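Reading through the structure tokens given below for one structure.
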Amino acid sequence: MDKTSHPQEGVGFGLLLRLYCVTALLKALLVRAPYSTDLLVHLHWKSLTRRFPVSAWYTPATGPPYLDYPTCFAYLEWFLGALAQLLRIPLDHENGSVRLSTLIFMRITVIALDVFLFLGMRPWCAGPETAAAASFPSVVLDRLLWVVTHPALWLVDNIHFQYNGLVIGVILYSLGVLFRESVYAEMEKRRSQRGMWRASAAFLVALGLKHTTALSIAPVVGLVLWKQRAWKNIYVVVSGFVWLLLMLGLPFGCVGWRALWERLFPLDERGLFHAYWAPNAYALLAAADKVVARFCALVFSRLVERGLAKSPHGSDLLPMLHRSGRVSNSAGLVQTAGGGFYLLPEWTPMLATLCCVVAMTPSLLALHWAFQESARHGETQPASSDATAVDRLDQRRCMEFLAKICAQVSLSLFLFGWHVHEKALILPVFLAGLGLGPRHPVAAALSTACSLAMFPLVSSPGVRLVRLALLFWHWLYFAPLQPWPPTRAWLLVYSYGGIGLMIGELLASWHGWQRLGLPFLPLMLQSVYSALAVVFAWGYLSWQVWRSTRADYMGCSPNAEAKHLLIAPSVQAGARPLLVRSSSKH
């Protein structure tokens, strides 16, 4: 096969380097921005990995805040701590205040590690080689800017302080390489094996950096690897074994599995809700539960006043609904075990897991059927000499379909997972933009919801103008170039109607909510407002994936021209299908 016929591995390093330098300079302006306690937590982790042996990293001997990230991230903290020690950067703080040199060092580590986010986008930005792709440069730029300049990621990483850019970059690289190897199945066997190894190794690294984020796309990665028979690949097996050794800490002194498990999955210490409600399905349930409970309490109080009902608590019904030993889900605590509902039953981790499995089933079935259909065509259609001329635009469409599936699965875990943080919405937003397109109305609404959900994390008065500027920039650049369909006009209202919510959020500093006994109301309204878009986006992606699968792959579509979305036109003419197994067919 002519090597010049292979698709590009990604955009050139020149474009990535220029864009990275521009964003790094802009992020450097935020070095002195107010930081959260997460920066102090990471300082403590860098210090403890230097002061304690590996075997004690996950034990109570280190003292709070305990290290609750996997061992690969712990090794990264150890390396950054050693670098700080070499540069004589102090890793301590006094009453929550850090020295300027320490603050600059911590901010620079985030900016430097963001290079992995740019590298992770390379597989997603490979260009078509046909004349029909005249708009390819703008498509690449849109994809890059959608991810690397998203306001939610900037707010969380460069102001609030996290390392999400590193983790998401590794995940995007893994998914991009994995999906490309599945789509470009006509490549030679050796290349496919190396690609599968790179994708598997990158996913395992992401799993070792931040397990909660990587697990949200683990079902898709596992199914694709299984369909590609990657378990027969010696490179994949070796990379998995090496990752297991790193997780155990065997090269550095054994890390106890029990202590590691208790730190990574503290189900007994953390309840259904985070201190601030993430905009998922449970936020809607909790809000509805509170509204209905207060309405029932109001009606009951009127009945008691008129002598039509009696209560040992007087006219207040809420103490009767308050379960003994229960912590209110609006108390700003993470120990709200089962949700702290008034009327709804208490939730359990097993029930949350069951909801996640049910929610992601349509997409996993769609992916399974897509591979089956592609394999069936590969057996019935002989390979053609024109197999290398498969239209790159159709291949890009296949990548977008796989991104939709991954976005739906990750959104399912965000909507119904146990103790989900609002930061977990960033990866589904990126995948939705890559699958639907950055200017798609549903992607725009989901992006708005994600950005607004991060506002409570950076609520200092000094950064309010910054977060508004970031959000407005994203709105203006990714505004649709063509008018949206009338049926989706309300999504435009939602996206730009977020201005009204931001004005309300600016008024959240009014202390009257405390006097009214409703201190959590502004945060609750913001979570509910964002959750509406998240639920709609999840439903839209589920419907899109299911409709495409049942209609286009199973032959149920009334429109014959819409069949075989994953099978390029050249495949239908006799070429090899795009999604075929990469073992013995090469």
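Keep in mind that glycine also has a Cβ here, set from the backbone N, Cα and C atoms.
Within the set 62-84, 200-222, 407-429, 430-452, the record from TrEMBL flags 200-222 under the feature transmembrane segment. The listed stretches are 12-30, 103-121, 200-222, 520-541; of these, 103-121 has the most Cβ pairs under 8 Å to the transmembrane segment (161-179). Listed as Cβ neighbours of the transmembrane segment (200-222) (distance under 8 Å, sequence separation of 6 or more from its ends, same chain) are residues 69-73, 76, 164, 166-168, 170-171, 173-175, 177-178, 230, 233, 235-236, 239-240, 243, 246-247, 264, 360, 363-364, 367, 402, 405-406, 409-410, 413-414, 417, 421, 424, 427-428, 431.
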